[in-house]
Amino acid sequence: MPHLRRSRVPSQHRRSSTKSGHTGKTVAELLRESQAKQLAAKEFHNTTAAHQSAPYLLKEADRVIDITHKMDDCGKENSGSKLPELKKGLQNISPKTVVLGSKSNTVKNSTKHTPHWTHPYRGGKTHTHITRGRLIHTKGHSVTTPQVVVPLCCCKVNGVTFKKLPAVTYCQALDSIDGKVMGCCNKVTNSLLVRPAIKIPFMAVCEFHRQSLKQHQCCPGCGHFCMQGRFYQCRKQGGSTIHNFHKQCQLFLDNKSYCPHCGEESAQYEVMLTLNEPRIISTIEEKTVTQLEPSLPKSRAKLSIHLKTYKAQEKKLCKLASVEEGEKKVTFEPSASSSPTVFTSAGIPKGKDREILEKCFSILEQERPKKYRTLPKSLYNPCKEGDLAKVIYMLVDGADPNKRDPDNDDQTAVHAAAINGHLAILHVLIQAGGNIHIVDGRLNNAIIYACENNHLPIVKFLVQAGAQIDVKGEDGMTCLHMAAKGGYIDLMEFLLSTRKADVNVQDDGGWTPIIWAAEHRNVESAKFLVQRGADPTLKDNEENTGLHWAAFSGSVEIAELFLDYGCELESPNEHGDRPLHISVRQDNYECVVLCLLRGADISARNNINQLPSDCCLDQKSNVWMALNVNKELRDLASKRLERSEKLVHRDISFGRENFPINSINAIDDEGPPLDFQYVTQSVETTPLNINRVISSLQSCNCQDSCASMLCVCSRNSVQCWYDQMGRLVQEFNQLEPPYIFECNRNCRCWTTCNNRVVQNGIVCRLQLFKTKGRGWGVKTLRDIPQGVFICEYIGELISDSEADRREDDSYLFDLDNKDGETYCIDARRYGNISRFINHLCEPNVIPVKVFVDHQDMRFPRICFFASRDIKAGEEMGFDYGEKFWVIKWKQFTCACGSPRCKYSADTIRRTLEEYRLRHGEDDTPQES
């Protein structure tokens, strides 16, 4: 649809001959006047297009400008307190000359003619009188004193309604983003045409740009919306109104700058605006109903509107602009000095609470009953008791919803309403200015109490109002801790669905939500949390795992669940107590039997040299009998020739990993391998000049899961290779794995996005064990699905020349840098669990090059992912490659035992012969 150059003046605003004093004009005279007005308006548009940045100097009175309807709204916005003065001036002015929004209404008649417009840099008097507004002159009158008319913007002035819009009309707004002009692709739902200034053509816009225009986010000089980049701001109207415009579009005169929106002379602020995720706009965020009108956030140096969220923002604005079905509101005017208090049912979910609120509104519209004419001073008790009418009357009389009650741990009325589940009262408190973030004397806010008392509607309402569910209260407990402690599965499901709650968050004692569920014997809650990713192996401040707390509470179902997950029976806490010690001390017979059936060591001693049997207080109990029977059975079994597994180290990482990696030996009496330094990141012993400058990182600014091609990091990796579960997607090329660029520390996305896997550390339950003839190996204690990240090959970063000088090359991993000098990782002196992963001719893990903390292509991180499903207890291994065996075949051969083994003592010669033929090298193995 083409832009409209002029709009028809509505009938109620057209000039009437009876009112203007021209009752004696003929039709021909009226026609000539109309044609003159049209020619003047056309000339006005052509002239302003040629002088976008110049002030409008009006020196001749042969100008007629029609004023569109709703001009009063614009005058209120831009003139402010000058409106009474304006009206007074309009009453005293001559009928032939009208000044709108002027600071001075002094107009002199003169016969001297001057050009219509004068550019400030092309001459003109320096003592020009400045007038803010629009001048309307009738034909035959001119102005002798040069006047500068700084025009007001039309951001809040609506044009005509174009009723013949096609079936699908797209927004005609243009956005200024980093100096480039981009169009909007949203659909137009409102046929009312708008424009930012009288020299800009009318345009049909979407709801998002309509609200941006009303917030003065559109530059009146060029008509482009100020979205991202460097812009100027005028704050002359106060903190509630900020005007955005381009530097070149502001008005200059006598070395002074004027805002193209309000025409005020003020210091302009240059700001850098960027696009981000919009904040949640809700009908319950503001204090009164007058603030519930659809509006964008106030202009700041950093905008919060993302290009990809135009449609979502438009839907929110449309939702706010329309009145909810069945919405009721009531207005109170307590005094002439204060603004009326308005309460509405908009924003509260439909149901019982909304019905109660609307019923109360119907009663409150009548005369106040006698029992509510004398009210208490504190809102706390009425909110606690659920007396909605009394609460509203107290708020109308000026009661402070944020006043603390010293008799109730300094809680406010918002706390009382949240604790007792009064949604309607909480709704009106927030409308009256109640702060949902205030904490009481126990450091708890309203949403924590709502979770503690299982008020799911209150929690949903508070989240919609902007409450933070990850904030910590008393003893560092969060909303999820409260829900797990009480066993509220529906509440936990809602909290986790917001993606803002960490399922493994720890309080001040190091207790996770699943530990609280285990202590309070909430079986279903524990199962739910395990399904949602909770880790019962995480230790608290006293090194207790979830299994210790399950043994303490006596819940055999939760204990069995945690054992199946991978919790260690022989994992001691800081007192040396195993789960068996605790279950015996608590006289939990079922847990004792479970531990014994799973192979718990009854000879293990704690720090005070106590056996599990020493913790039993009643020697006639079933627990004592079970321990003695188990001891006799094991004495009989010890006479067998086969060796049993023996725990040689409880955690070879010494607590550096997310969970312990114990070491067992069922082959010989060798102790744990401790001849290296366990590290969780590759180290440098000599400077390698790795580019770790944060500004060199290509980063994203996503507000979603970073799974789309709009993510810069995903595009660098060709696509996002992780699914929502953090696993490699099925189409990932395992034969020639591509590079993966994860979101880094310079990205502005959430840390829970899909493109952050390796940086979260090891999440699999691994175990170091002694193999037959192949040294130490690594196996998994739980089933690992295909594509799961297992661990990273950690070691010392060295150059290829340094690697040639080292004698022991058994732990070298080549980084295969094709350009320039090559580098490798040596895990001999420094390393992690990955240094023990053996070679398998039929591997179940593959190495993938990943970049996280830097993007220096010379030093990728070598990360191992499951190439297929791995069963619990299965050894893990990857293919070392032919180059390794070409060098090492004389020292040892492969002992993986696979029928497809290529490097065993029987097949190594054939493999090397094929290698020689392919590479044309005379490297035929000699007889040893």
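If you go along the chain as it appears here, the first residue is 1 and each next one adds 1.
Including glycine, each Cβ sits where the backbone N, Cα and C put it.
TrEMBL lists 1-17 with the feature compositional bias 'Basic residues'.
Feature annotation from TrEMBL assigns domain 'Pre-SET' to 698-761.
The domain 'SET' feature in TrEMBL is assigned to 764-881.
Feature annotation from TrEMBL assigns region 'Disordered' to 1-25 (among others).
The region 'Disordered' feature in TrEMBL is assigned to 106-125 (among others).
DSSP assignment over the repeat 'ANK' (409-441) gives 17 helix, 1 strand, 15 coil. The repeat 'ANK' annotation in TrEMBL covers 409-441 (among others).
Annotation comment: TrEMBL describes 442-474 (among others) as repeat 'ANK'. Mean pLDDT for the repeat 'ANK' (442-474) in the predicted structure: 93.
Sequence annotations record features per position, and here TrEMBL assigns repeat 'ANK' to 475-508 (among others). Counted with DSSP, the repeat 'ANK' (475-508) comes out as 19 helix, 0 strand, 15 coil.
Positions annotated as repeat 'ANK' by TrEMBL: 509-541 (among others). Residues of the same chain lying 6 or more positions beyond the ends of the repeat 'ANK' (509-541) and with a Cβ under 8 Å from any Cβ of it are 475-476, 480-481, 483-489, 492-493, 496, 503, 547, 549-550, 552-555, 557-558, 561-562, 565-568, 573, 658-660, 763, 765.
What TrEMBL records for 542-574 (among others) is repeat 'ANK'. Broken down with DSSP, the repeat 'ANK' (542-574) shows 18 helix, 0 strand, 15 coil.
Positions annotated as repeat 'ANK' by TrEMBL: 575-607 (among others). Residue counts for the repeat 'ANK' (575-607) under DSSP, helix first, then strand, then coil, are 16 helix, 0 strand, 17 coil.
Secondary structure of the repeat 'ANK' (509-541), assigned with DSSP and counted as helix (H, G, I), strand (E, B) and coil, comes to 16 helix, 0 strand, 17 coil.
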